[in-house]
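Here is the structure we will look at.
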């Protein structure tokens, strides 16, 4: 309440808080050597300390500024120049050098060539910044009594550094939280005391030892619990790789020991890091984002993937027929088209297609035969019936440059996947359950452990798919080892390194599922790419770069076909899985069996009531589907609708909480406006006392109404309370019947309540 | 020391005139005049603990003159006898009967100077007059005139050659307060006023004794709400329970406080008593009625401070309780 702010009073507590903010400032400086190549960070810490002290002891400005100036020049001397500062030559030399440097840099600033500022000058600016921050901190503590903003920015700063840079802030965050708690509570206590003093209730500012001990104990206990409490793994996959993909255009690829990311041919030996390459491979105009499939591989060697292609000539590729089938009758298919334009200089002779390829449009097909532009007659397409690679053959080497495709975009009904048969045809079993003989047993054991609570193929596949993001695996493109001769690629990733990129994740998932006798294959291609623009007819143009090279897994479901899964952290599966819409009647009956009230989603707090109702349909299906997978289906809570509803609810709750007094007061004004009369004069006045107390302006125990009224009028800058009180005294102590008093005093009554609201 | 409440603006016209009149003689002592007036109107008496020469006599004389009352002064000395106070029967040769010669106490306003310098016996004679409003000599009870106000002064007790008043006697005074030294500017004003002649000589009465009697009657009719009575009781009780107090205030203190409250409310032109009145008067009415324990005395607590402490803590009924 700004009305009660008085002149700032300094105390030992303030000094203590100031010291704490200095520690926070230190936390800002600590990570700098890690993220930059600043070596002498202690100099800056000392400088910050020095300016903190100077500002605290209130050295006059004409002294502070030159002193800090000298201190920063001394700091510059230590960092950049040689010799003793205190020898005549050293110090003077530095000053001279620095002044010419400063002159030069000022010129740069005025010509806006900020990039050319010299290092010493930049360092000087940093010193300046530190001094300013120290002053700002002083101002925050001693003048405005607000430090939360600084604390919040410190936390954001540290967490961002921790997330995106090598800085490890796991202890820093604990320190910050402890310091922050102390600061906030102490400042708050001081603020309360000041308000009390302004109201004349307290003589001096003093925090009792009992409070201090309680505070310390509480903070330590809270921190201790916070540190030792078991923490659940992130419920969402680590967003950082995805963000990096988005922001930096990074990705992953089937870099089999190669140093540059991209779509390669040889996957016999996987592993090793790679560097980014953002050269565009092709752009595609398509209705819906989807992964671009190049081919799959079916034999895992322990080091990588190989395949045994079986090509047939696809004569009918232009007539709605490709000799490669991914989906069976139970998958819901929708026919879509796509136009792909390869980038110049990219030499692929096979097609990339989303979903299941159906037809290639002959008219739009362009390609280079050798270095000549080819015509349609001299080209023939061969399809690998096992792996789905559709390869163009011609007299010379073919390089495809653009083509339009018709494909089937599948949707997989989850219930069908769960309840479908698990009897695989023998030819599938032969090809896709292969595992190397020397696969370590612990891989099989791990696979069984992961799915021990699951009873159907779909849930098992999802369990394995999610296993990595729930168990501390890290997405990383550098520093990924290639397995030695006696090591297994999957075993190494699962049990030793636990860091890697798509190949590691997809291969591991494929192998783990095969260990459970679920047929899988390893697919390579590109991720959807970067969205470039939307065209008029609701189609979107995506640009796919080398960095989008990717690999994933397809799992076989009898009668449905090959369903793609995405185990790699930070990538989204573009395949559509459909929760069957269950009819309400059936649904409620089914629900009643399990829970008459409401599904046990762990969110049934009253606060979330609205939210919950809004999402009834989703949660219901979830329960009927199987309750072990709440965490998987959690993503379904994140629909735009529910997000909006929860956001609105949250904001409303916050507003109501924040404004509850205001609302209440408005209610009383309204109430007494209509219901007020002389008989109610007493209750109206008593209500006013209640409201004032509610607003943090209680009457002291031994304070008479008159004294209280005087104090309130002083605080609220009015006369109303004294007038009201006089009438109240007459009625309450004097035993007079009110006669027209309410009418006379109603304005005063409202004036007080309104001034409290303003 | 907490900021003392200021005396409120006097509103009753009689009272206003009276105080104005007294202030022609006494400079800057409106609060003390007001308190004395409360004592006069509520039939109580005042104990002043003061050093000599601060204007006690002037104040009392001015008051007596303003209301046209008889005024007498008794200088208490160690050899003063009870009969010197109350009066004595002497044998008249002419009528062959004992004739009562009324003592100085038989008057409207008495200034009993240095009451603690006389023997307890004489003190007792005066104090009977205070409480009963009558004196008994030679087995005959004689009613004292009305109004009757005793302003007793005593030297600060540390002075030698004194007989401190026992607690039971102190209880009989409505108020105890100090007049105290005037401020520099007030003292200058005093000098200016008495430079040529003393203003008391020219003081005219502004009220009659009948006015005072009428006012006394009206004071008794001032309404005291149950809650205010409860408040009085709470305060008095709190003095008994205060940790620094050995002996708290008596029920007589409650009565005194209420009566004083009535007079004070009346003087402000109000016909009902407010907790404010009680709170303001409590220190003057209670401080001489309690004894602190030795711990408190050692830690320099004073009676006055304890009473302030008490009134700051005692709950004041405001009727808000019912709103909850």
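Any Cβ shown, glycine's included, is placed from N, Cα and C.
As stated in TrEMBL, the feature transmembrane segment covers range A:172-190 out of the listed A:172-190, A:191-209. Of the candidate ranges A:62-81, A:82-101, TrEMBL annotates residues A:62-81 with the feature transmembrane segment.
Counting same-chain residues at least six beyond the ends of the transmembrane segment (A:210-229), those with a Cβ under 8 angstroms from any Cβ of the stretch are 174, 177-178, 181-182, 185-186, 189.
For the domain 'Transglutaminase-like' (A:494-569), the model's average pLDDT works out to 85. Between the transmembrane segment (A:62-81) and the listed ranges A:12-29, A:121-140, A:172-190, the one holding the most Cβ pairs under 8 Å is A:121-140.
DSSP labels the residues of the domain 'Transglutaminase-like' (A:494-569) in these numbers: 21 helix, 34 strand, 21 coil. If you look at the transmembrane segment (A:172-190) against the transmembrane segment (A:41-57), you find fewer than three C-beta pairs under 8 angstroms, all six or more positions apart, and that falls short of contact.
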